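Q: One structure, pasted below without further comment.
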Amino acid sequence: MAVSEIKATMKLKPLKAPVFHKRDKDLRGSFSDHLKHKESKLSPAQLEAFRNAYNFFTKDRTGCIDSHGLISTIAKLGMNLNTYDIYNELKCADLDRDGKINFSDFINVLTDKKLFLKAVVPEKKICLDLANNPGILLFEILSKFVETSSLHRKDIIELVSYFRKRFQESHSEIMWSSYGRRGLKSEICSPPRSSTAAFANSARISIMKERDLYKFLEALKRCNLRTDSPYSKIPVFPLFPDVDGTVMGKPFKDTQKIEMLRRKEPLTFFEDYFFNKRDWKTQAMNVKPLKSASGYSDDILAIDHLFKKKQHWTVTDAAAIKQHVKKATESYNLGIALDHRKEMLNLWKKIRGDLVGIESNNESFYNTFSTYTWSWNVCQELLSAKDLRLHDASMNKSSPSNSGLSSPSDFSESDPETGRKRKRKSSRGFRQ
């Protein structure tokens with residue numbers, strides 16, 4: 001055989017140049033696969049929690065979630081999404097391609113690692129809106145269930161515990177993927193626009209090492225708060241919202257239904273029901289007047305005498321006398337409150353409270369004075385606005401002329417025109 005023929009048969013193929021970026025990619029993939037944890041099966045409690053969350057959706061006759069049910073559930077939670085995006089989300093969640101989301105599709109989507117990481121740790125250059133990031137709608141709806149406490153507390157605990165565990169298992173993989181994408185580091189000060197990402201960030205802080213936590217705090221301190229932020233200001237609540245102004249806001253849903261239910265409530269004065277005010281004046285009428293010169297009631301003096309008589313007390317003796325001490329203390333507080341109420345009524349007469357509202361053309365002075373009479377003895381106002389109006393009405397009826405609490409001597413003789421105007425206004429008074 002010729003030498004040329006031997007060279008032709010023994011000719012080797014040319015070596016290919018190594019592709020370093022491909023090798024690096026394969027290395028990252030093998031390391032990522034090595035860090036993958038075996039997906040644990042759902043426990044019966046977790047499966048029941050997912051079932052209850054699935055039952056909260058609006059479903060069709062077959063018990064599945066169709067497009068109309070998804071639209072109804074989104075509207076119920078106050079989320080905004082157009083029809084095209086809803087159909088796109090339905091297509092992503094419909095794994096068996098039957099046009100609906102059954103419970104099997106629901107579980108498979110919410111337990112999928114890629115979709116979970118997509119909802120929790122989105123990349124920086126990917127838009128976090130639901131419209132441009134399909135596949136995370138079910139995670140957002142589940143987060144809304146947790147935020148609004150739509151589910152039972154037991155189910156919420158199971159769901160939060162499950163996703164916290166999933167995030168902790170994926171934490172090492174997240175750190176490696178962020179290392180591979182060095183140019184896509186997320187800014188620590190940018191607030192997450194996804195509620196699921198916010199929950200995940202809180203879980204990340206709980207498992208963060210001390211060194212990483214210090215770095216997180218240092219970066220957080222470098223973020224300057226906006227001076228015009230509403231959270232950096234002290235809130236000022238109006239004393240009387242109906243008088244001080246009206247703040248336009250988003251109208252509540254089913255306002256007519258709520259108004260109808262409110263009108264059906266058999267309540268004479270809604271404020272008494274709302275603040276759970278007790279009728280302390282009726283209780284104070286039953287309190288015996290103070291006869292001793294010390295200024296204390298007979299019950300308190302009897303308890304004081306008992307304390308001086310017996311020096312050593314046991315737990316049984318203290319429990320037996322506890323109710324007597326409580327009763328005597330309440331009687332004393334009611335008596336003090338009743339005396340203070342009389343002083344406040346005298347002050348109302350002295351400052352002519354009914355004329356103050358007439359002169360300023362503002363009836364809110366009744367509420368202002370009522371707030372001023374708040375007492376710790378009964379933990380409420382001693383004189384309500386209703387009590388002051390009833391007092392003025394009784395005083396006007398008892399007076400010989402229907403000129404209110406004012407008398408002709410109160411007006412200046414040198415200004416008869418002003419006196420006639422004030423007398424005309426005071427005779428009109430407020431509507432009782």
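Cβ atoms are placed via backbone N, Cα and C, with glycine included.
Pasting the relevant annotations from Swiss-Prot:
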BINDING   Asp94, Asp96, Asp98, Lys100, Asp105  Ca(2+) binding site
COMPBIAS  395-411  compositional bias 'Low complexity'
COMPBIAS  420-432  compositional bias 'Basic residues'
DOMAIN    81-116  domain 'EF-hand 2'
MOD_RES   Tyr273  phosphotyrosine
REGION    394-432  region 'Disordered'
Q: Restricting to the same chain and to sequence separations of six or more, state which residues have a Cβ under 8 Å from that of Lys100 (Ca(2+) binding site).
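A: Sequence-distant Cβ neighbours: Asp60, Thr62, Cys64, Ile65, Asp66, Asp94.
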Q: For the binding-site residues Asp94, Asp96, Asp105, work out the Cβ neighbour count at 10 Å and name the residue with the minimum.
A: Asp96
Q: If you skip the near sequence neighbours and keep only those at least six away, which residues in the chain come within under 8 angstroms of Asp98 (Ca(2+) binding site), Cβ to Cβ?
A: none
Q: Secondary structure at Asp94 (Ca(2+) binding site) (DSSP, helix/strand/coil)?
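A: Assignment for Asp94 (Ca(2+) binding site) reads coil.
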Q: Which residue counts does DSSP give the domain 'EF-hand 2' (81-116) for helix, strand and coil?
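A: Per DSSP, the residues of the domain 'EF-hand 2' (81-116) fall into 23 helix, 1 strand, 12 coil.
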Q: Can you list the residues of the same chain, besides Asp94, Asp96, Asp98, Lys100, Asp105, whose Cβ falls within 8 Å of the Ca(2+) site's Cβ centroid?
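A: Apart from the listed residues, the neighbours are Cys64, Ala93, Leu95, Arg97, Gly99, Ile101, Asn102.
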